[in-house]
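Beneath this line is the structure, given in structure tokens, with notes to follow.
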Amino acid sequence: MNTKLYAVIYVVLFVFATLQVAVEFAGLTYWTAFWLIMALSAIKAVLVAAYFQHLRYEPRAITYVVAIGVVAAIALTAAASYSITGT
Amino acid sequence: MLITADGNHHTGEPMNTGVAVQSVVQIGDLIPRGTRMNVFQSIYWVFIALGTLVGVVVVGYMVYNAYRYREGGSHAEDGDDERPTLGEIPTGGGKGRKLFLSFGLSAVVVISLIVWTYGTLLYVESPVAAQESDQEELEIQVVGRQFSWEFVYPNGHSSFELVVPEDTRVRLVVTSDDVFHNFGIPSLRAKTDAIPGQTTETWFIADQPGEYQAHCYELCGAGHSGMNANVVVMQQSAYDEWYANTSGGGGNTSDTSGNASENGTRTTSEALTA
Amino acid sequence: MSSIKRWFVTTNHKDVGILYLVTSLFFLIFGGLLALLIRVQLLQPGGTILADAAYNQTVSAHGLLMVFWFLSPLAFGFANYVVPLQIGAKDLAFPRLNALSYWLYLFSGLLLGISFFQGGTFSGGWTMYAPLNVPIYMPSIGATTTVLALLMFTASVTVGGVNFLTTIHRMRAPGLTLRRMPLFTWTILLTVWMMLFAFAALLAALMILSSDRIFGTVYFAATDSGGSVLWAHLFWFFGHPEVYIVFFPALGVMAEIFQTFTGRRIVGRKWFIASMVLVAIQSFMVWMHHMFLTSINLPVKTLFMATTIGISLPFDLMVFALIYTTIKGKIRFKTPFLFAFGALVLFILGGITGVFLGAVVLDYEFRGTYWVVAHFHYVMVGGVTGLVGGIYYWYPKITGKMYDEFLGKVHFALYFVGFNLVYFPMFLAWETPRRVFDYPEAFTPWHQLATVGAFVLGASFLVMFYNLYASLVTGEDAAPDPWRYVTTAEWAVPSPPPLENYPGRPSYDGGALQFLEEAGPRPSGIAAADGGAGTRTDGGVAATADGALAGGHDHEESHASIWPFGLSLAGFFLLVGLSGVNTGGTAYVALTVAGFALGAYTLVGMARESQTFHGPSGPFGESWPFAKVENMKLGMWFFLASDVVLFGAFIGSYVFIRVAFGWGAWEPVPHDPVPGLMNTYILLTSSFAVVMAMVAAQKGSRNGVVASLLVTILLGIGFLGNKGIEWLELFHEGLWLSTNVQTSTFFLTTGLHAAHVIVGLFIALYMLVRAWGGAYLDDDKPVEYFGLYWHFVDIVWLFLFPLFYIL
Ligand SMILES: [Cu+2]
Ligand SMILES: [Cu+2]
């Protein structure tokens, strides 16, 4: 791993963070903006995890451990929120 | 047969996602319907009967084997050629076929029981169409608070005693003013959570005039044990008369019986064992 | 070392195991006495020994004590003692953390004890439903202490979970692949996996509740925004896996005992394991079956009914596997087998009555009644039955003495009769509402039977305690393998095992357990069989000759540490202080400060000790699937995975409340996203700085490490400063934590994140000091591991920023 790659990642993260706020003022509909912004957050998170936490270079099993946690949290959030919507 | 039965019961009633499943599983009269008591009784006793049978067979088989293969018994040497040894790598014994056979059987029993009751769940969740058409239903708001139940009628009359006519579907819309409670009338098999900020619904049809008891089924504080209410089921004419005399716009009428201390739980035994 | 001091500083897994076992039995007595009080009150309708509030406290404390402070810790006493022996490890991966788990557990229990004297303990049942659990409805300081006690217990479980996961995954003997692992170890592995995620959700719930009670946030009081239901979701998301967390170890004990005393290998072993794995996964998908009567919609009810039935099926397979194992056996009805066999019978009854609850229409009517009480006591106390079997099974191993077989059988007879006498009548009187201290007269006979049964059950434990105590003195010496037909490694070493566990390096490479000569690190590659140097242990007796007992119980200095005890004591003071910090007066404030100071002191002490204290070092035999990850790093990742769920549950709570509130009607608390954006830049830059610190350490540049860490710290402080200014402005506008549900979620969630930043800063500061002294240049791992944490905190912010500032 060289410093250059870390620096590139850092710049990309910086730009994406700025983009997120720009999306807010771009005049998109709320839910389009919502998913765009969340997608940007997700991409940033994956970049940090993959390179700064170098998950890319670790055994895949570690990624799975963290992924299980993420899936569990999303399942809780989604199912609980859905359960109180009137269907 | 299947289609007509289904059509009769559900004409015009928009149902949610369950409708497709229902038309498959609902094989005419196999699905218990009727009052909540009918529904509960028929399912409960099937479960009790099957549960007892399964329990006796399985535990009996266990004990039989344990006795048959006891040390010193005539079969204790049967497996002597393959006893485990210290330090061996753990492996499984044989007889996988038998295992899967029993497992498959139990899965079939359990799944079919649950699928069977699912038809009734759909009925319980949306029973309007099942009701006989000449009857109107009665909707009553129930508000739980520490430690009493208040019942609000369509005309605004409010009372601490639930008075309903017989043979009418009574729909209860339940909420709470403070903490989490649960409203239940055991003899009429109506029960639902009373949650602050949310409303839930349940219903019942009482086919016997008389006095019943409602209890709270969720720990809600010091007075939880006595958070009961009287439920009075009247004949339609008596009810109509009673209802005509209630005044709208709140104010508790004289026949309210307040909460636990006056009400006592002792009287519930009659209702429960009735 | 004096024998008393030894127990305070021990980090050895066997010692810690004994501490767990003894302490859990103490809490059994505590919880059991409360149960007897309940049963006396219910002897007849209108009983008066426990009036309303006292009864509710008794019921609540009984449930909490038994589920948390008795059941799991008893199982983890065995896990501590037996698992390292079974997998061929000298100790757990992090011995000091293991001691820390224990002391946190003990002190959390003491905290619960104290709560009774602070105006009454928690009185809302072990499920702690909202909003009864907030101060308006339950104002006593003791109730807050109970919540904090549970919080501390959760910390203990998380630390322990990380430890066991690392140990079992990384430190197995050569040849002992996961597939070959003994069943008891398998159940513990799955238990800690469930613990890792389930307890993180509970931690979130408890943190929010503590905040509601101490800082005045309004999560659970916000009933118009689903606050009441939110608690149920968080609690049961934890609560259902908890059922298996409690039951699985018992299942493992039963499986071991069945195999030993029938002299058979378990039928369908791999399917048995597969079933357990399936259950462990599914356990996170069934929680709403506890909420069928809440306002959840029909599709969700249907889904959770299906998953609930799904999860019951693997248990059928496990039960049949155990039953078929007895066929062709040579069954010896020793006490352990009686208990394991009895446990299976009870579990079958518990399972059948559980199917009733899976039918939603029946569940509607059983909800909140004694049917539920009876059912889960059959399952849970059924599990206890298995674990009691474990006590007798491993007693000779742990103490080196045989228990009295006759008294053991007397215990079982009383226990089994008492059990069914107390719980079966509850099915017959099932119409009794749960948690009432008064009930309809018609049920009087059943409740009286139950009370008699409770006393028989209680008395049976007196027989056990006497037996265990007397046998310590008068029991015969136990052979290494007192049972025959055992297979697992703990029976191949003396009873009790020596400090270092084995007379050599255990290995299964040769197709069975061997002890190889200690010969330094094993060359890489699993196939290295070291020639025929190993001494095969037939019956285990041969292995005792190696002077294995020479080490005795004297601890080398490097294996002793007082810090786990000290840190837990500090936590105890801190939490007692916090419980009354806002209402209880200056003594509480003083305790809080003292606890905090002592905590900081002990943490530094523990960190400094790390340079000389080393856990077991590799290379280990089998480490799938984490062979290429070092223990510490893996432990860090397990911890982070649980932290993911913690933050996930916080964010989930925010989303849930916002959905209930009306998503679109909700305005973000900060008026403008710019301070948040600034902080995003700051954190991203600090992450980059930490990466640079690691690069500098790898390059051997002391100045680089120092400079990068310094930048990280300054940026961290900048982040907090920026946030502080933002918060102060909001406070000036009159927006406080307790203002409304928006401000509550905003301040608490971002506050939890800020707390993570502060913790990170303290670690960075400590590392800066050490880096100044030239540390990390030949070993950059600490910098790397700190980075993992810091980047995680960064990632969390990447989601908090849009959710709380923009959207
Ligand atoms: Cu109540
Ligand atoms: Cu559950």
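Any Cβ shown, glycine's included, is placed from N, Cα and C.
Look at TrEMBL and you will find C:7-509 tagged as domain 'Cytochrome oxidase subunit I profile'.
Residues annotated as domain 'Heme-copper oxidase subunit III family profile' in TrEMBL: C:551-807.
Here TrEMBL flags C:20-42 (among others) as transmembrane segment.
The annotation transmembrane segment is assigned in TrEMBL to C:62-83 (among others). For the transmembrane segment (C:62-83), same-chain residues at least 6 beyond its ends with a Cβ under 8 Å from one of its own Cβ atoms are 13-14, 16-25, 27-28, 30-31, 34-35, 38, 89, 92, 98, 105, 108-109, 112, 122, 125-127, 146, 150, 153, 157, 160, 164, 167-168, 184-185, 188, 191, 242, 245-246, 249-250, 253, 380, 383-384, 387, 390, 394, 397-398, 490.
The transmembrane segment annotation in TrEMBL covers C:104-129 (among others).
What TrEMBL records for C:141-165 (among others) is transmembrane segment.
If one looks beyond the transmembrane segment (C:186-209) by at least 6 residues along the same chain, the residues whose Cβ comes under 8 Å of a Cβ in the stretch are 75, 79, 83, 128, 130, 133-134, 147, 150-151, 154-155, 157-158, 160-162, 164-165, 168-169, 217, 219-220, 231, 234-235, 237-238, 241-242, 244-245, 248-249, 251-253, 255, 273, 276-277, 280, 283-284, 638, 641-646, 649-650, 653, 748, 752. Taken from TrEMBL, the feature transmembrane segment applies to C:186-209 (among others).
Per TrEMBL, transmembrane segment is recorded for C:271-290 (among others).
The feature transmembrane segment is assigned by TrEMBL to C:368-394 (among others).
Proximity of distant same-chain residues to the transmembrane segment (C:562-581), defined by a Cβ-Cβ separation under 8 Å and at least 6 residues beyond the stretch ends, is recorded for 8-9, 11, 96-97, 99-100, 102-104, 106-107, 110-111, 114-115, 118, 141-142, 144-145, 148-149, 151-152, 155, 210, 214, 587-596, 598-599, 601-603, 605-606, 609. The annotation transmembrane segment is assigned in TrEMBL to C:562-581 (among others).
Long-range Cβ contacts of the transmembrane segment (C:587-604) within its own chain (Cβ-Cβ under 8 Å, at least 6 residues beyond either end) map to 563, 566-567, 569-581, 766. The annotation transmembrane segment is assigned in TrEMBL to C:587-604 (among others).
Per TrEMBL, the feature transmembrane segment maps to C:634-657 (among others).
Positions annotated as transmembrane segment by TrEMBL: C:745-768 (among others).
For the transmembrane segment (C:788-806), the list of distant contacts is 633, 636-637, 640, 643-644, 647, 651, 654-655, 668-670, 673, 676-677, 679-680, 683-684, 686-687, 690, 712, 745-746, 749-750, 753, 756-757, 760, 763-764: same-chain residues at least six beyond its ends, Cβ to Cβ under 8 Å. Here TrEMBL flags C:788-806 (among others) as transmembrane segment.
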Residue numbers, six or more beyond the limits of the transmembrane segment (C:104-129), whose CB comes under 8 Å of its CB atoms: 19-20, 23, 27, 30, 53, 56-57, 59-61, 63-65, 67, 69, 73, 138-143, 145-153, 155-156, 159, 209, 228, 231-232, 235, 239, 435, 568-569, 571-572, 575-576, 579-580, 584
